[in-house]
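Undergrad: Copying in the features that Swiss-Prot gives for the protein in this structure:
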BINDING   Ser250, Trp591, Phe604  (6R)-L-erythro-5,6,7,8-tetrahydrobiopterin binding site
BINDING   Cys328, Tyr619  heme b binding site
BINDING   Gln391, Trp500, Tyr501, Glu505, Asn510  L-arginine binding site
BINDING   814-845  FMN binding site
BINDING   957-968, 1100-1110  FAD binding site
BINDING   1175-1193, 1273-1287  NADP(+) binding site
COMPBIAS  24-51  compositional bias 'Low complexity'
COMPBIAS  64-73  compositional bias 'Low complexity'
COMPBIAS  142-159  compositional bias 'Gly residues'
COMPBIAS  165-189  compositional bias 'Polar residues'
DOMAIN    671-868  domain 'Flavodoxin-like'
DOMAIN    928-1167  domain 'FAD-binding FR-type'
REGION    23-195  region 'Disordered'
Amino acid sequence: MSQHFTSIFENLRFVTIKRSTNAQQQQQQQQQQLQQQQQQLQQQKAQTQQQNSRKIKTQATPTLNGNGLLSGNPNGGGGDSSPSHEVDHPGGAQGAQAAGGLPSSSGTPLRHHKRASISTASPPIRERRGTNTSIVVELDGSGSGSGSGGGGVGVGQGAGCPPSGSCTASGKSSRELSPSPKNQQQPRKMSQDYRSRAGSFMHLDDEGRSLLMRKPMRLKNIEGRPEVYDTLHCKGREILSCSKATCTSSIMNIGNAAVEARKSDLILEHAKDFLEQYFTSIKRTSSTAHETRWKQVRQSIETTGHYQLTETELIYGAKLAWRNSSRCIGRIQWSKLQVFDCRYVTTTSGMFEAICNHIKYATNKGNLRSAITIFPQRTDAKHDYRIWNNQLISYAGYKQADGKIIGDPMNVEFTEVCTKLGWKSKGSEWDILPLVVSANGHDPDYFDYPPELILEVPLTHPKFEWFSDLGLRWYALPAVSSMLFDVGGIQFTATTFSGWYMSTEIGSRNLCDTNRRNMLETVALKMQLDTRTPTSLWKDKAVVEMNIAVLHSYQSRNVTIVDHHTASESFMKHFENESKLRNGCPADWIWIVPPLSGSITPVFHQEMALYYLKPSFEYQDPAWRTHVWKKGRGESKGKKPRRKFNFKQIARAVKFTSKLFGRALSKRIKATVLYATETGKSEQYAKQLCELLGHAFNAQIYCMSDYDISSIEHEALLIVVASTFGNGDPPENGELFSQELYAMRVQESSEHGLQDSSIGSSKSFMKASSRQEFMKLPLQQVKRIDRWDSLRGSTSDTFTEETFGPLSNVRFAVFALGSSAYPNFCAFGQYVDNILGELGGERLLRVAYGDEMCGQEQSFRKWAPEVFKLACETFCLDPEESLSDASLALQNDSLTVNTVRLVPSANKGSLDSSLSKYHNKKVHCCKAKAKPHNLTRLSEGAKTTMLLEICAPGLEYEPGDHVGIFPANRTELVDGLLNRLVGVDNPDEVLQLQLLKEKQTSNGIFKCWEPHDKIPPDTLRNLLARFFDLTTPPSRQLLTLLAGFCEDTADKERLELLVNDSSAYEDWRHWRLPHLLDVLEEFPSCRPPAPLLLAQLTPLQPRFYSISSSPRRVSDEIHLTVAIVKYRCEDGQGDERYGVCSNYLSGLRADDELFMFVRSALGFHLPSDRSRPIILIGPGTGIAPFRSFWQEFQVLSDLDPTAKLPKMWLFFGCRNRDVDLYAEEKAELQKDQILDRVFLALSREQAIPKTYVQDLIEQEFDSLYQLIVQERGHIYVCGDVTMAEHVYQTIRKCIAGKEQKSEAEVETFLLTLRDESRYHEDIFGITLRTAEIHTKSRATARIRMASQP
């Protein structure tokens, strides 16, 4: 990968011609010639404008030739890489000799290629250093071109380069490139603003027509692969440097980027083009965000002359620049580029540390990874940042007095520069050159690398023992460091890009080129080959063995390398992919074809089109040739040399003089934590995880509903904490994220011609995944995946198609929360993990599960440090220093009695506004219409169910929706706590909770008190009653806090036992089901301070109820069907417990206020086609939403008694007839033919066999089958999870028997019902009447917990 970049620079610099001393005189002469030509052409233009302009017909060709385009592109065919092939680089690397090909005896190039030529009306004019000149170019369509064709490619006449700046390679014939003969009658003149290649754009002609050719360019493959049509070249706005009679594409470096700052108008032009590309890539072209961003950029450029790219734009631009690099053979890896944004670095020591971290990350102990580090951008060209090395790692070259060179001949000049700066070398063959960098336009500093940072590979041969005696070696990491990164008009003069080697770059170029190590003849003699005559092919034999040695040496030491055959195949795959995705792939055939094996590689036989796109990587002149030395330093002898710094000195300086800077530098890698939550538990864990990651990363946290999905492709580290709602659904704030992820998956499949007909929607995919996968996998999922398998040994796997996807550069881990009482346990978290993997993401860990039934907190506390450690290892950060602090922070909250307090406040707001802010929801204040009405005839052991009517003016909802009620804790519980807390003087005084926080300023660190960001000012009594969860058994983290405030040693030891013994805690928690007051009474010496306790308590979450009314039946009202929950703990023998919300609602009286919000349940709405049959299945309070359904049809019937209503069957279940809810209403509905049939299942009625709703479904399935299958009816299931699963399995079994289908076919059928929104579920959790299910689920969870390593 790096070959293309690295070699370009090594050999490019070696063959660079020194500047002429009269360069200024030549430039003046060129300008004078230019002015004369302009005058002549203007005269011709005036004559031509008197005639009718003719249009150039393009039906026979996609391009123009003849005098088609001005030559003189300063960078010309310079591209971004050399003919040598360092794979995974935006350009090339180590050497250039194999690029051009030597002439054969017939005068034809030995290397098979054919380039289109460009004709101009005048000799080539090349602009250097950013000079702007206006030129008129005449197109007469008269040029011709020829080229030799090997491998079946013939000579073509009249091949030309198109105005769009493209050049065809590998034998393009004239019939496809020449303009129509009819267009050669009259010259056509075009004016153009000419600039350097690093910043030139095509403009319109005099008639306002675009110069870009719009016709596809046909590219053949001589070996018989499908031909492709390239239209991407139409977007190439840069000018090639070929002339009418000369193709210069085989010249290594036609020109370098200008050193002057780019002008504002040109930056504006580039920025507009780049933003269009960026917003197109995220499918937001012309959106409000696009227009706003363009306005910001334009304003900044007009004000300051430049602008700052966002981090996401920078990452996108870096990847796209690599993708656009026409000379790189390893571009299939373009999306797997790790971008290190170091634009904040302002010193050479900071640059050195960042580069050391780059090398450490990219080397990765031999498992190389592609990466780019980007330093601050160019502003005025007087304060540039530069890396003076052509490669970060290279060997010194010493020229002796007798002309002999020790070391690498390519680096002789730079070695002399280092010596002048004061570097002391050993003078040996394999000295690693120091890093030389300059910051902000200042003179350079040099730094010696720590020896352990550089990985070198001694070269051996699998057959020749004498080979190791040659003492050859090479370094593992090719890292180009002198190219200019050009993106959106902004130029980054200091960037370093690294990938991995292709074997020929080392074996053929670096070691065998005569201008490099020149080992070819030495090896041949050792092999006892006849070197006297070329007919013995001794060179060919020797170079093959040299490449075998290189591959053998790297692979045997598990260092990433790729052979040229694999690289060629990967490029062909990339070429094919790009042709499908972008309708083109810029490619320089001369540089793509490897320097070994030529025509037996597939790339040799592929026609290619050469053109240049932005963003791009550009050549620069060596820094030591352009640097303006301060006070003559570096110009004269005897001056004090620049100071040398070594790694330890820098580390010490950072540690003691700028701890803050060092911390910021180590956190330049962004880590994003996403969460989706229904109760707040996932958010709580996500915040803890974000704090943990913050010890080593730039950690950020987002709720999924607030996250911009377009950013996900550019994340470096993504950690997801996701709850599952109901029976496998995402929480409300995760719905959109799940849909967007699934849309990415569908798009990725369609782009690669794949179709997955088995999964039709994200929800069905979620349930299918969880049903198939979870129960097969033990909870020992917290297991590290061996990432060493990815690139070890033969790296042909590196280029397999399966390793790429839109998220191929994202490392991720998922912690899934849920309850194993549900069949689709943790379905949403598992879905996110599956789909991130399918989109190409790299797992740090397999998905980990947190089971609400048992050990959820224990699982999280075990998983979080592990994922932190692996993340540090992945990004080559040292976890040892921060892991202990991070783990301590995870175990112990940072709040103490000294950092939290309650102070009087006069800012008490209304309860609805306070709850809205606290829960981040719009909360409405409503009133009870009357005292709740009892729906059951009480009998012994019967559970009370009531109908609550609420006045809710202005609240909009649909039948099937839910309402969230914010309850209040019982008064006895609140009063008991107030008596046990320390620091409560007046519980009815309005207080504000404040936290002591540290702030960083230019004057240092200072502390100040700030209000809690969520807990509002209120009385302590109201806070405990309305805002905090006091009834859920306290977590082990809270018990740890309470243990610290026990005065009695025995109480403290018992609490610590619960904290440290997971099994003891789970037994105590599920047996006692203690609320907070119970704990304080069980441990009487524990008296925690009120401020600290409030800061640790979790929010009192809303309780959700299905709405039992239709807004068209009862305007401005909401009806609820509520079961009153009361039970006893300790297997029915302990204290009585009360459901928080149901008992709160049962105590309401007329006009009492209650606080609520509506949550839409789109998946449980009535069908849009009201003619379809409806089957309602819901025992107990599961009937609640169905009342809203039948009320809706009552309204329709009242409005139009003749209207035909759908068939509606109701399956209802209860214990006995005394608790048959809405019995009278149902009877009236049947009478009015709104309910067609009503089935009642009684499970505890005397003298009647025990019957459940699923039993009735099985009995009536023949009729139900007609409704479901033949009439395409809808099934609605509402109730607890156990009932819903039984119903599902019953329908599944009945369909299998009815249609004689396999289990897989039935499962597919039911998933299809979900996809078609014909199988609807509204499921709530385990109810107290299913305690046996609760116990069974918990036992299963404990078994899984015990199986964890």
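Note that Cβ sites are derived from N, Cα and C of the backbone, with glycine treated the same way.
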Undergrad: List nothing but the one residue from Arg1103, His1274 whose Cβ has the fewest other Cβ atoms within 10 Å; the candidates are the binding-site residues.
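TA: Among the binding-site residues Arg1103, His1274, the sparsest Cβ neighbourhood within 10 Å belongs to Arg1103.
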Undergrad: What is the separation, in Å, between the Cα atoms of Trp591 ((6R)-L-erythro-5,6,7,8-tetrahydrobiopterin binding site) and Ala1284 (NADP(+) binding site)?
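TA: Cα-Cα distance, Trp591 ((6R)-L-erythro-5,6,7,8-tetrahydrobiopterin binding site) to Ala1284 (NADP(+) binding site): 64 Å.
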Undergrad: Below 8 Å Cβ to Cβ and six or more residues apart, same chain only. Which residues does that give for Pro1185 (NADP(+) binding site)?
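TA: Counting only residues 6 or more apart in sequence, the Cβ neighbours of Pro1185 (NADP(+) binding site) under 8 Å are Pro959, Gly960, Ser1106, Ile1107, Ser1108, Phe1164, Gly1178, Tyr1276, Cys1278, Asp1322.
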Undergrad: In this predicted model, what is the average pLDDT of the domain 'FAD-binding FR-type' (928-1167)?
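TA: For the domain 'FAD-binding FR-type' (928-1167), the model's average pLDDT rounds to 92.
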Undergrad: Counting Cβ atoms within 10 Å across all protein chains shown, which of the binding-site residues Cys328, Val963, Leu1100, Ile1175 comes out on top?
TA: Cys328
Undergrad: Cα of Val814 (FMN binding site) to Cα of Leu1100 (FAD binding site): how many Å, rounded?
TA: 26
Undergrad: Give me the CA-CA distance between Ser1109 (FAD binding site) and Trp1190 (NADP(+) binding site), in Å, as a whole number.
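TA: Roughly 9 Å, rounded to the nearest whole number.
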Undergrad: From the binding-site residues Cys328, Cys826, Glu842, Val963, pick the residue whose C-alpha lies nearest to the C-alpha of Gly1279 (NADP(+) binding site).
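TA: In terms of Cα distance, Gly1279 (NADP(+) binding site) lies closest to Val963.
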Undergrad: Return the residue, from the listed binding-site residues Trp500, Trp591, Tyr619, Tyr957, Trp1190, with the maximum count of other C-beta atoms within 10 angstroms of its C-beta.
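TA: Buried the deepest by this measure is Trp591.
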Undergrad: To the nearest Å, how far is the Cα of Phe604 ((6R)-L-erythro-5,6,7,8-tetrahydrobiopterin binding site) from the Cα of Leu1100 (FAD binding site)?
TA: 69
Undergrad: Round to a whole number and give the Cα-to-Cα distance in Å for the pair Gly818 (FMN binding site) and Ala1284 (NADP(+) binding site).
TA: 17
Undergrad: Using CB atoms and a 10 A radius, I'd like the single residue among the binding-site residues Ser250, Gln391, Gln830, Asn834, Ser1109 with the highest neighbour count.
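TA: Counting every other Cβ within 10 Å of each candidate, the maximum falls on Gln391.
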Undergrad: Measuring Cα to Cα, how many angstrom lie between Cys826 (FMN binding site) and Ile1175 (NADP(+) binding site)?
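TA: Cys826 (FMN binding site) and Ile1175 (NADP(+) binding site) have their Cα atoms 28 Å apart.
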Undergrad: Here's one to test understanding: among the binding-site residues Ser250, Glu505, Asn834, Glu838, whose C-alpha is closest in space to the C-alpha of Arg1103 (FAD binding site)?
TA: Asn834
Undergrad: Between all pairs in Ser250, Trp591, Phe604 (listed as (6R)-L-erythro-5,6,7,8-tetrahydrobiopterin binders), what's the biggest Cα distance, rounded to the nearest Å?
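TA: Result: 15 Å between the two most distant Cα atoms.
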Undergrad: Calculate the distance in Å between the alpha carbons (Cα) of Tyr957 (FAD binding site) and Trp1190 (NADP(+) binding site), and round it to a whole number.
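TA: Checking the Cα atoms of Tyr957 (FAD binding site) and Trp1190 (NADP(+) binding site) gives a distance of 15 Å.
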Undergrad: Looking at the binding-site residues Cys328, Trp500, Glu505, Gln830, Phe966, whose Cα is closest in space to that of His1274 (NADP(+) binding site)?
TA: Gln830
